[in-house]
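These features come from TrEMBL:
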type	residues	note
DOMAIN	C:3-110	domain 'Dihydroneopterin aldolase MtpD C-terminal'
BINDING	C:11, C:107	substrate binding site
């Protein structure tokens, strides 16, 4: 049987996979970045046990990517955001983050407060 | 060779397919519907030749769907929105709409002003 | 600090969220169900720590949904599949499943073998 | 009123936008590329007026991308495939293609046979 803390970690993973694969590929520009960030956060906050989702667009990375290409938009992918998700499952709080690690968007558990 | 009006229609189709298949499945509630609608519109407006995207959430249909289920959110699908997209390709303006038709989200050309 | 078993649960959640939100909304018919099921499994098996993904299309439910509608395809959603994912994280094996529960596709931890 | 040829072009656009935004972001490796290509083709062939979808994975580009990174998979995006879609709308046949153009996956009309 899983512990409540393990359940909390499972739920945190679901939210990260959901957020990433729902929104990867979305057309994004400097002008539309804010509305995408807000929609990502509010959409995933609907899911069970999800206390909060914070999406920070890495504007400098997005600007640099747009400067390299011929268009004024690109596709949303992990390198354009830092994301924090907080889960509460039966009083067990898990904080998980997505950050770039060696070119990949790494999703990792940052902290667990076990009940 | 395609005419410019045919190109405009092709572009209108791309925008509709993109919008629908990027965002179908997104968790949506009455609280998060507005931010999703705005993100959908602003994301697709980034695409070439796209003059405007209008997403109207059918709040009554969403409310009814949520009342039927056990959760306070559901997955975004075509029956929860009416969408209008305006394309301008070399002066040819195409207006396309998505509306429910016999239970299916039907995407259709509403008008073309040929140059 | 998370335990290895908690990490394994986090990874299992990521895979489920990824699979569901990548593929929800895909056009599916009786003819294309097998290729979609295989692509879902092979795509997610690419992800780290993922030992296996098994996607069983619930053909009877799909047939019934198609019989109700006017078209011979519909959009993939959770009620059309049962999914099992096996994770191995540093010798900790987690089995997770998605099954319908009161009309919702419930993702749950089935077993954990802690190292 | 749109002509049937314009309708055919609109339908071709829908299929391209659908295919791209449904599957962009899918984990892909050399091993899973074939099942993804097949699922993409069969899924979109379900849509109305769609005669055929051909997805050719650009294996050399995928191999090169994987060689650059630390993982043995990456996310599906337009540079990894060439795609041809054939539409028949009331006898009007449209062939559309997606190919890379200056670093962007360009979707374009290749030919129209008007009735």
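Just so it is clear, glycine is given a Cβ too, placed from its N, Cα and C backbone atoms.
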Taking the Cβ of residue C:107 (substrate binding site) as centre, how many other Cβ atoms lie within 10 Å?
27
Can you tell me the three-state DSSP label for residue C:107 (substrate binding site)?
strand
Check the DSSP secondary structure of residue C:11 (substrate binding site), expressed as helix, strand or coil.
helix
Within 10 Å of the Cβ of residue C:11 (substrate binding site), how many other Cβ atoms can you find? Include all protein chains, please.
27
